[in-house]
Amino acid sequence: MNRRVRPQYDDSDESGVEYESGHDEMEEISFGALNSAQKKIKNEDEKKWSRRNNSNNDSDGEEGDFFESDSDGPPEESSSKTSDQKTRSKHAPAEASAKRPVSRIRQIPGLETKDNSKFGDIRFDPAFGKANEERIRKDYSFLNEYRQSELEQMQRMLKDKKLSRSMSPRERQELELQTQSLRSRLDSMKNKDLEAQVLAEHKKQQKEKWKSGQQAAPYFLKKSEKRKLLQKAKFESMKAPQREKVMERKRKRRLGKEMRQLEFGRK
């Protein structure tokens, strides 16, 4: 009988064939495909690593909360805050932050202050007593000189024809109003000074008469007498043209009053 003999192959030959076939397959793969495969593998590794870290942190936090439940740490504060929020009723009073700027004006309970006196000058505050107007006018008398010089300057500007041509009608009107306002302010201040001077002289005369024995007691003027005395002093201090204007005004007023009385009598 004839026996068939199977051919024998070495393992080295098989491995060599497999290596050659695998090497041929790697050569056929493009560089872009290899690069994308590497990126994909890298992303998967990073995701796995982050999952492991998160699981470790969660386990550590649970263990820390378990072992540090008695300590005053941030976890306990957060849990207390959440519990307060859960237990707080909707009818509870609103909470406001205490970190607010301090007011410059101190609020005193029971003390009422006017809005216009909050930012006033403390020298004229009624809490320090009544203001001495005579002393104030004496201390700030130099301001009248500045006002007078300013009034003269504005009057020169209005009289200057060249300057008035360069100004617009609106600017000229504003300058005239400012001049009129400043003039009336100076006149009112002069009248106040004159009134204070007249009353001070009358008070001085009454005091001297009382000391010399001419009067048993000083005489205090009534409001009507004071008004007449002040009108007389103002009329005497006026110049001739001003006196004529005042007399003309009084004459017209008296004439109008008489005409109204006649018309009323005819009816």
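Using N, Cα and C of the backbone, Cβ positions are placed for all residues, glycine too.
Swiss-Prot lists coiled coil for one of the ranges 2-25, 170-193, namely 170-193. Using DSSP to sort the residues of the region 'Disordered' (201-267) gives these counts of helix, strand and coil: 54 helix, 0 strand, 13 coil.
Per DSSP, the secondary structure of the region 'Disordered' (160-188) breaks down as 26 helix, 0 strand, 3 coil.
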